[in-house]
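Participant: Sharing a structure below in structure tokens format, with a few things to ask.
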Amino acid sequence: MKYVVVSGGVISGIGKGVLASSTGMLMKTLGLKVTSIKIDPYMNIDAGTMSPLEHGECFVLDDGGETDLDLGNYERYLGVTLTKDHNITTGKIYSHVIAKERKGDYLGKTVQIVPHLTNAIQDWIERVAKIPVDDTGMEPDVCIIELGGTVGDIESAPFVEALRQFQFKVGKENFALIHVSLVPVIHGEQKTKPTQAAIKGLRSLGLVPDMIACRCSETLDKPTIDKIAMFCHVGPEQVVNVHDVNSTYHVPLLLLEQKMIDYLHARLKLDEISLTEEEKQRGLELLSKWKATTGNFDESMETVKIALVGKYTNLKDSYLSVIKALEHSSMKCRRKLDIKWVEATDLEPEAQESNKTKFHEAWNMVSTADGILIPGGFGVRGTEGMVLAARWARENHIPFLGVCLGLQIATIEFTRSVLGRKDSHSAEFYPDIDEKNHVVVFMPEIDKETMGGSMRLGLRPTFFQNETEWSQIKKLYGDVSEVHERHRHRYEINPKMVDELENNGLIFVGKDDTGKRCEILELKNHPYYIATQYHPEYTSKVLDPSKPFLGLVAASAGILQDVIEGKYDLEAGENKFNF
């Protein structure tokens, strides 16, 4: 097993996740099987109870793991299916060690950070790195490990020490370190001092970088590269220029141009890994396909405007998978994506009194959009604005997609506007109102007292119901009888109201295996009005966009029927690579 660690210095949020994913993707172009692990040095067990405004999106895995958003990047770039164990947190590893101590596994020893916690981290990495994650079912050849946060912070100290020991445990030829640093541009001059200080700090902790990936707003000058190489004790070929590009999908090609993969190939002796000719050819085809697909970002195309009506619009990372699913779909439809970020509260009548400018700007974005999207979320804030946006889409025949909360919002709006039940709402927001007005109810099997890990999580089947041959979403899925998508919710549509809703035109075309829990709703006489209880964005890939999102973009661009008929499929045929 070969290990490539990606760490960061100077500041967090510098792009380690994209660089780690891009490095893994380049490894795949050699025909290698690649897996990935993310280390998050926070005390939370997982990301399930963290605010999206503080830490970005919570990404849900097949096994129900609620993880850091970077695992979504890994799955999208590498075409793999990870597990909750591929995300190591401080809380998770401490709980593991404490549980072992309680069992008596340490035989009366004084349990310490070194060696017990650091050994547990190393054992965890070695165990998880061997888990098959792709369709071959075989053990991976390479494991990419991203160390979250910033090296030097007190939170990451145990993990840095564990990795320092780990490099000797696995051997130099099996361990490489890429350190991502910031090169700011001040008054037109590229400054290297932050990178010099970061590398000095890294070396003082016992880790020596094999490559330094320099993040900069512009292309690095040769004198800057030479200066970093000289003062950081590396060769110029070990300094990689990772400047801003118009799409993160270009980063693998940027690294390829600078021969990063050639250096790692020699440094890790990758030629010692036995590969079949079929695997090598598969890697070459992957690279060719990636170049062809990402090239769509550079072409001049018609623009499709999607109004994203959300609650966490101040931090775009809160909706990272949604953004990526829209990007994947727009590439397939050969359209330029223009997301209009609409804060849901700005659509509400109260906003007209408190801030008329924001109110009119928000409604202008909604009313001029080609399509409207309401993504997932929790809590009552902004829900009335979402209801108004859903009504606008329904009444004005604007393509609409609701996800999780979006499905519940669409149902509440329909119940109020069409059924005439003006007081209808969700038990999540108003638990004390008359139960007959609860359109959305708490699922009976869910623990009401515990927040963390208590939702309906992970990959679950949805079955298309009888007499739904007309359904656009069913056609987008290829007229299959069932689909498997990832879930994350505590509330569901009130089963007692389903018959009345369907009799008035709101059809639940997809339900769970019991036939009672509603998973997909659709309006029959509408260009595209779809909502899902599950989160289809979590399984979207570059060459295989999420079908509900693809339908939204296609309908918004006026090409839905062409997309359903396969006229926008890749000329080369099927996606062999699952990314």
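Backbone N, Cα and C atoms are what each Cβ position is placed from, and that goes for glycine too.
So Swiss-Prot lists these for the protein:
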{"type": "DOMAIN", "residues": "305-559", "note": "domain 'Glutamine amidotransferase type-1'"}
{"type": "ACT_SITE", "residues": "C404", "note": "active site, for GATase activity"}
{"type": "CROSSLNK", "residues": "K422", "note": "ubiquitin cross-link"}
{"type": "ACT_SITE", "residues": "H535", "note": "active site, for GATase activity"}
{"type": "ACT_SITE", "residues": "E537", "note": "active site, for GATase activity"}
Participant: Can you check how the pLDDT averages out over the domain 'Glutamine amidotransferase type-1' (305-559)?
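Facilitator: Summing pLDDT over the domain 'Glutamine amidotransferase type-1' (305-559) and dividing by its length gives 92.
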Participant: Write down the Cα-Cα distance for the residue listed as 'ubiquitin cross-link' and H535 (active site, for GATase activity), rounded and given in Å.
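Facilitator: Their Cα atoms are separated by 28 Å.
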Participant: When the number of other CB atoms within 10 A of each residue's CB is tallied over all shown chains, which of the recorded positions K422, H535 has the maximum?
Facilitator: H535
Participant: Would you mind listing, in sequence order, the residues at least six apart from C404 (active site, for GATase activity) in the same chain with a Cβ closer than 8 Å to its Cβ?
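Facilitator: Sequence-distant Cβ neighbours: P375, G376, G377, R488, H489, T532, Q533, Y534, H535.
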Participant: Three-state secondary structure of H535 (active site, for GATase activity) from DSSP?
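Facilitator: DSSP assigns H535 (active site, for GATase activity) to coil.
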Participant: Which whole-number value in Å describes the distance between the Cα atoms of K422 (ubiquitin cross-link) and E537 (active site, for GATase activity)?
Facilitator: 32
Participant: Using a 10 Å cut-off, grab the number of neighbouring Cβ atoms around the Cβ of E537 (active site, for GATase activity), all chains included.
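Facilitator: Taking every protein chain into account, the count is 30.
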